[in-house]
Every structure is written in C-alpha cells, then in structure tokens.
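Visitor: What follows is a structure written as structure tokens; I'll ask about it next.
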Amino acid sequence: MRLIIQPDYQSVSQWAAHYVAAKIKAANPTPEKPFVLGCPTGSSPLGMYKALIDLNKKGIVSFQNVVTFNMDEYVGLPKEHPESYYSFMWNNFFSHIDIKKENTNILNGNAPDLDAECARYEEKIKSYGGIDLFMGGIGPDGHIAFNEPGSSLTSRTRQKTLTTDTIIANSRFFDNDINKVPKTALTVGVGTVLSAKEVMIIVNGHNKARALYHAVEGSITQMWTISALQMHEKGIIVCDDAATEELKVGTYRYFKDIEAGHLDPESLIK
C-alpha cells in the first residue's frame with residue numbers, strides 16, 4: 001500500500017486528479033479499449049473532480065474514451081432528485097468534461113428488480129475487462145461505498161441497509177432531516193472494489209483519522225472495510241495531515257520519506 005500525505009485538502013485533490021489524469025494518458029485509451037474508471041460521490045472527491053475538470057478544459061486529459069462506473073446509488077430516490085448520485089455526478093463532474101453519456105454507468109435505485117440490477121452491473125463491469133482504477137472515499141467508520149461495518153470483504157454489488165451513523169452523516173444533504181435520507185442503497189461490494197486493477201482512496205479531515213489508522217496500521221477486519229485495501233497489490237491512500245493524527249509517528253515519517261519524490265502533482269503527468 002502507498003500512503004501519499006499532503007498538507008491539506010486542496011493538495012490532496014490536486015495530487016489525486018493529476019494521478020488519475022496520468023493513468024488515463026498512459027493507457028492511451030481508444031473506443032475499442034477504453035479506460036475504465038470507478039467513481040465515488042460525497043464531499044471527499046469534490047476537489048479532485050474540480051481539478052480534473054480544469055485539466056480537461058486545459059486539454060491535458062480527455063475523457064472521450066473513458067467509461068465510468070459509480071460506486072453506489074440510493075434506493076427509491078428519483079434520479080432527478082438533487083441528492084441522487086446521478087444528479088451529483090452530472091452536476092459536479094460529467095456535465096463539465098468531454099465524456100460521452102453512454103459511457104457513464106450508475107446503478108438504478110428505482111429498478112423493478114434490484115437484485116437483477118446489481119447482477120447486471122457486475123456483468124457490465126466484467127464485459128469491459130474490469131475496472132482499471134477505482135477511486136473512492138471513506139466514512140468516519142471506514143466504510144467504502146455503502147459497505148458498512150460488518151460487510152463481507154468478498155462482497156459484490158448488492159442492496160444494503162444504511163447504518164444510523166451513515167444516515168445521520170448524510171442528513172446534511174437532506175436539510176439535516178434524517179427522515180428524508182433513504183434507508184437503503186445499491187452499492188458495489190468490497191470485493192468489487194478490490195477486483196479493480198488499482199484502487200485510490202481519498203481520506204481527509206480529523207474525523208477520518210481513526211479510519212485511516214485502521215486502514216494503515218490496523219488488522220484486516222470487516223468492521224473497518226477500508227482495511228481490506230491492505231490486500232490489494234496496487235492500493236493508494238491520498239490523505240491530508242489532519243487525517244494522520246492517529247498514526248504512529250514512525251509510520252508517518254516512513255511514508256513521508258519513501259514518497260518524498262512523488263508528492264508534487266505536476267511531476268505525475270509526463
């Protein structure tokens with residue numbers, strides 16, 4: 001696992017965006033062999049998306065031959081609802097870049113058969129040869145996508161009941177009214193994420209410090225699903241200083257030392 005420690009959220013976002021752009025450019029994708037990108041929602045990736053939009057507008061990276069698969073979607077929320085993840089992606093990312101609409105994939109939380117929708121999603125990912133780079137964020141309890149504590153580390157795309165903590169955390173997007181927050185969601189599984197060729201997770205803020213500790217120094221456990229990233233041969237966590245507050249000093253210094261030559265985002269794009 002790589003741990004890229006940046007001073008603040010803006011630096012995290014810039015590094016993550018340049019890393020994604022570099023991976024897309026290096027793959028030299030074509031319509032026949034597109035680059036397949038896994039996309040998260042929430043507050044963590046917003047800065048990265050803004051930076052990617054800027055790189056796209058400057059002509060540094062193109063998304064014309066990129067196919068995306070989103071991590072999750074609420075069940076029962078109309079896709080046009082301002083807080084659906086469909087709306088989130090189009091408002092904050094897709095509508096600002098040169099991606100083709102038919103190349104974007106988001107789970108349908110209003111499908112008549114939700115189990116069939118999840119199975120279809122997994123099969124479509126496989127049809128592209130898997131995901132090249134899965135981006136993500138985590139919750140304060142270490143959950144990836146909506147894989148709450150206790151989720152199987154080999155799980156695939158399925159319907160999940162949200163924990164009270166997640167509902168409370170997400171209520172900030174629903175007028176701070178927990179009764180407006182959907183109680184279930186469709187989500188890729190931990191196994192789905194780990195099947196990607198590469199995984200990059202953004203962790204920022206003091207409230208994620210305990211989760212980062214479990215991700216880097218803790219044992220692998222279903223109670224902190226982010227800890228499963230330790231098993232991935234190409235896992236990267238990009239974090240800010242505030243998120244490292246529960247790491248051992250030795251761990252912090254180790255990663256700062258070995259990644260010292262890779263912290264400048266501009267150096268990532270050749």
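Cβ atoms here come from the backbone N, Cα and C positions, even for glycine.
Note that the structure is predicted; figures quoted are calculated from it, not measured.
Sharing the feature lines straight out of Swiss-Prot:
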ACT_SITE  ASP72  active site, proton acceptor
ACT_SITE  ASP141  active site, for ring-opening step
ACT_SITE  HIS143  active site, proton acceptor
ACT_SITE  GLU148  active site, for ring-opening step
SITE      SER151  site 'Part of the allosteric site'
SITE      ARG158  site 'Part of the allosteric site'
SITE      LYS160  site 'Part of the allosteric site'
SITE      THR161  site 'Part of the allosteric site'
SITE      TYR254  site 'Part of the allosteric site'
Visitor: For each of HIS143, ARG158, LYS160, count the other CB atoms within 10 A of its CB; which of these recorded positions has the top count?
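Guide: Output for this query is HIS143.
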Visitor: Could you give the Cα-Cα distance between THR161 (site 'Part of the allosteric site') and HIS143 (active site, proton acceptor), in whole Å?
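Guide: THR161 (site 'Part of the allosteric site') to HIS143 (active site, proton acceptor), Cα-Cα distance: 13 Å.
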Visitor: If you measure from the C-alpha of HIS143 (active site, proton acceptor), which of the recorded positions ASP72, SER151, LYS160, TYR254 fall inside 10 Å?
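Guide: Qualifying among ASP72, SER151, LYS160, TYR254: SER151.
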Visitor: If you count other CB atoms within 10 A of each CB, which of SER151, THR161 wins among these recorded sites?
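Guide: Most Cβ neighbours within 10 Å: SER151.
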Visitor: Quick one: Cα separation, GLU148 (active site, for ring-opening step) versus ARG158 (site 'Part of the allosteric site'), in Å?
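Guide: Pair distance, Cα basis, whole Å: 12 Å.
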Visitor: Under a three-state reduction of DSSP output, how is SER151 (site 'Part of the allosteric site') classified: helix, strand, or coil?
Guide: coil
